[in-house]
Amino acid sequence: LFGLGLGTTITFASSHWLLAWMGLEMNTLAIIPLMAQHHHPRAVEATTKYFLTQAAAAATLLFASITNAWLTGQWEIQQISHPLPATMMTLALALKIGLAPLHAWLPEVLQGLDLTTGLILSTWQKLAPFALILQIQPSNSALLIILGITSALIGGWGGLNQTQLRKILAYSSIAHLGWMILVLQFSPSITLLTLLTYFIMTFSTFLVFKLNKATNINTLATSWTKAPALTALTPLILLSLGGLPPLTGFMPKWLILQELTKQGLAPTATLAALTALLSLYFYLRLSYAMTLTISPNILTGTAPWRLPSTQLTYPLAISTAMTI
């Protein structure tokens, strides 16, 4: 965990490409023991897939920054002027955070992890590459918009056919990142706002699933008997992730659509808004499974109306309140 924090901090603080790359490498290497700690074949497989994609992305990034130093003679992150290294860097960072069409590793990896490590992968691991994308963004506008739209589309479509919660959350992550990348070059502050709201919503979603020990949609149906009070609130979190007004998740989407329209990209905005419907469908499916299905009443005794007080209770309460 210390290595995770340090890696991200180094990337944040660096103005030199080598340092930034080093921070990303530390991030990758620090999360690997966390991923493989259960010694389950599936966890090890996920760790291997993650390591290979991140190593490939980091190598591409290093190659791009060396190319940039060779062409322009300087290592500053801010001053990427040549289109070739700029494009390569954007693609390497897109592979790092799992933007479509470089997304294929993310659902697979997330599916093999437990929910806590999955949460770290979906939130903290996105920070460092994001800081770099933010700094090199103005040079390649069409590429960012294509990445954004593809991610929103694939994040919506991919999640429709899933029953595994972690894969659904992975596709949800791809879709949200797509929205962020869309608006990045026009208004970085909106992007950061979207990132923050996404973090809070994902945090509470992961904690809810962890509390229910749920890994697929069917397990959600029995959550009434485990924690009824929580089950009543969860659809609000899920629909907020989907971006349904008047919940929190709608705000960033509204601002993004507004900004895209201001920039004269109405077709792009329309397409993005339509992809939100796809995402909304599978969040709605989760909410439906959770609240509108009555579990077979086989548990002896009465349902515990108060949450069992675990370590999760307080973070869950805080993040749910923030989400709603």
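Placement of Cβ uses the backbone N, Cα and C atoms for every residue, glycine included.
Look at TrEMBL and you will find 14-278 tagged as domain 'NADH:quinone oxidoreductase/Mrp antiporter transmembrane'.
Residues or ranges marked as transmembrane segment in TrEMBL: 16-36 (among others).
As annotated by TrEMBL, transmembrane segment applies to 48-66 (among others).
Marked as transmembrane segment by TrEMBL: 86-106 (among others). Long-range contacts of the transmembrane segment (86-106) within the same chain, counting only residues at least 6 positions beyond its ends with a Cβ under 8 Å from a Cβ of the stretch, are 24, 49-50, 53-54, 56-58, 60-61, 63-65, 67-68, 80, 125-126, 129-130, 132-133, 136, 139-140, 143-144, 147-148, 150-151, 153-155, 170, 173-174, 177-178, 181.
The transmembrane segment feature in TrEMBL is assigned to 142-161 (among others).
The transmembrane segment annotation in TrEMBL covers 168-186 (among others).
For 192-212 (among others), the entry in TrEMBL reads transmembrane segment.
The transmembrane segment feature in TrEMBL is assigned to 224-244 (among others).
Residues or ranges marked as transmembrane segment in TrEMBL: 264-284 (among others).
Under the heading domain 'NADH dehydrogenase subunit 2 C-terminal', TrEMBL lists 280-324. Per-residue pLDDT, averaged over the domain 'NADH dehydrogenase subunit 2 C-terminal' (280-324), rounds to 77.
Only sequence-distant pairs (6 or more apart) were considered; of these, at least three Cβ pairs between the transmembrane segment (264-284) and the transmembrane segment (142-161) are under 8 A, so the stretches are in contact. Below 8 angstroms of C-beta separation, residues 115-116, 118-119, 122-123, 126, 130, 134, 165, 169, 172-173, 176, 179-180, 183, 219-220, 223, 226-227, 230, 234, 237-238, 240-241, 248-249, 251-252, 255-256, 307, 310, 312, 315-316, 319-320, 322-323 of the same chain, each at least six residues beyond the ends of the transmembrane segment (192-212), sit close to that stretch.
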